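S.K.: For reference, Swiss-Prot lists these features for the protein:
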- 11-18, 61-65, 120-123: GTP binding site (BINDING)
- 35-43: motif 'Effector region' (MOTIF)
- 58-93: region 'Interactions with NFKBIA and NFKBIB' (REGION)
- 168-192: region 'Disordered' (REGION)
Amino acid sequence: MGKGCKVVVCGLLSVGKTAILEQLLYGNHTIGMEDCETMEDVYMASVETDRGVKEQLHLYDTRGLQEGVELPKHYFSFADGFVLVYSVNNLESFQRVELLKKEIDKFKDKKEVAIVVLGNKIDLSEQRQVDAEVAQQWAKSEKVRLWEVTVTDRKTLIEPFTLLASKLSQPQSKSSFPLPGRKNKGNSSSEN
């Protein structure tokens, strides 16, 4: 098991961030709890990756963002991954996710950071404001995975978090230290 990865769960107020975490981790979902405002909470989860390894995730359930309120900058400095949440029945929440992705790219400078996007509340399809195809095209252009989920069906939540844990547990692709027995191109040699 790894050291534990810090994952920030963020999105507009009332998109279902806390409900997603409560359902995923504890199987709890109470209809009508959507209006409870979260200040900030941290959940611990041990998630099995696609390679069968358990990864410890520290899931930071952030306060719901509102008009004119940005995600506090300290989240960008320590996060290993992000779960961006919008509600399919709220176009503004999707637009905020687009802005959050741009902010992450700016602060993380496209470094190793895992991002998954969740379009929540697909059970409210008759109130849909975010077209599924438009959202998927955006996700593809941003090179992130997007799932449409509902907290009323816990199974829809498992795959995104399994993929996230798998991405976070992958060994770093390049080391900044030379491997023993290999010559570095940049090293000057005095053996001439």
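Cβ from N, Cα, C; glycine included.
Locate each feature and note its surroundings.
M.R.: DSSP gives Gly11 (GTP binding site) a strand state.
Per-residue pLDDT, averaged across the motif 'Effector region' (35-43), gives 77.
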S.K.: Taking 10 A as the limit, how many CB atoms besides its own sit near the CB of Ile122 (GTP binding site)?
M.R.: 18
